[in-house]
Amino acid sequence: MTATAPITQDVLTLPRKLPEGGKVNIVGLTREQLRAALIAAGTPEKQAKMRLGQIWQWVYHWGVRDFAVMTNLAKDYRAFLAEHFTIEIPEVVSRQVSADGTRKYLVRIAGGHEVETVYIPEENRGTLCISSQVGCTLTCSFCHTGTQKLVRNLTAGEIVGQVMLARDDLGEWPVPGAPKDETRLVSNVVLMGMGEPLYNFDNVRDAMQVVMDNEGLTLSRRRITLSTSGVVPEIARAAEEIGCLLAVSFHATTDEVRDKLVPINKRWNIETLLNTLRDYPRLSNSERITFEYVMLKGVNDTDADARRLVKLISGIPAKINLIPFNEWPGAPYERSDWERIEAFADIVYKAGYASPIRTPRGEDIMAACGQLKSATERARKSSKEIAAEAGL
Ligand code: SAH
Ligand code: SF4
């Protein structure tokens, strides 16, 4: 396989509509799509807007999965909905809870494929890390998901469904009549699970539109962070069409090293990436970009790297998130020593950037960054292949 071959968007996405005669899953449809689907199924156009609002509230505010419960709709209309639509989210196959409270869900999606979703509780908030693809077309050499070939893109429903299944498990849907609890368990969403979100652009955008809608799940666009390895042409689009916060898997300060760690760099190198990033905050009207930087012993962790890093990003409103490398079986790298990570953080901090070191969470259940990989490893790459693709 050549270095650029895996970089492709041309992958299978399940059709949103089920085959002729099948039912349409409401979950993941944007308001506009749901309205159109209601009309296509026979809802009079004049009523569609009102029906849409009612259904939306049942599904995304109350977490209801059964049309029969939608008591503000006429009985006949509920029967009509049940005949044409479903309200389906992916199934949780297993749930592991780490000693630190992190929860990892193994989630089964149509076709029997599996992805992982991770919930990380923090004081007064909680972050849900969701997946956008089964596997990944990219082959970052330090990432466990990168060892799994891409199986398929998730549908918008499967992406939104991850937020809903976490709320199910955490018991977070509101209870009618109960006092409103302002502390949200799933207060933030990060697209940092399996897959490259910008290679599944339309579904990720539609899903985020549903999640950000101000009636229903109501997560503001500032509570959603999309992490990309650097798919340059899609970054400006993300600013305009999604508008959430952006994180970039930067990880190296020279093209030579980045080519090996994040092979997409061979297509869009550091300079090209940075030029695009300079425009993101203005285009998306957001404050800072997060630069993710995985600390790999002897590879990208010197003082000179830290100094180059701050020089490269100067002028970009940024925060640098240092991620101690999370090991996985067969990984060709080691985590930098703690003193090294701190020395690196110090240089970055003194240059005026926030430089939090991401505390690994859920390591005991392989739920930490880059450790995700589902049990269905139909097309596993060999460690030789990984090393060859990374040019190691
Ligand atoms: N594909 C996207 C999002 C998923 S990866 C991306 O690459 O940005 C989420 C973050 O975890 C990325 O910054 C990724 O580089 C990092 N990561 C991957 N493997 C890791 C590992 N083994 N240890 C620490 N961080 C890792
Ligand atoms: Fe894919 Fe991101 Fe892993 Fe790279 S780091 S292989 S882009 S999931």
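Including glycine, each Cβ sits where the backbone N, Cα and C put it.
Nobody curates TrEMBL annotations by hand; they come from automatic prediction.
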Listed in TrEMBL for the S-adenosyl-L-methionine site shared with Gly195, Glu196, Ser249, Phe250, His251, Asn326, one of Ser220, Ser227, Ser284, Ser355: Ser227
Rounded Cα-Cα span from Gly195 (S-adenosyl-L-methionine binding site) to Cys136 ([4Fe-4S] cluster binding site), Å: 5
Binding-site residues whose CB lies under 6 angstroms from ligand 2, from Cys136, Cys143, Glu196, Ser227, Phe250, His251: Cys136, Cys143, Glu196
Cβ neighbour count within 10 Å of Ser227 (S-adenosyl-L-methionine binding site): 22
Collapsed DSSP category at Cys136 ([4Fe-4S] cluster binding site): coil
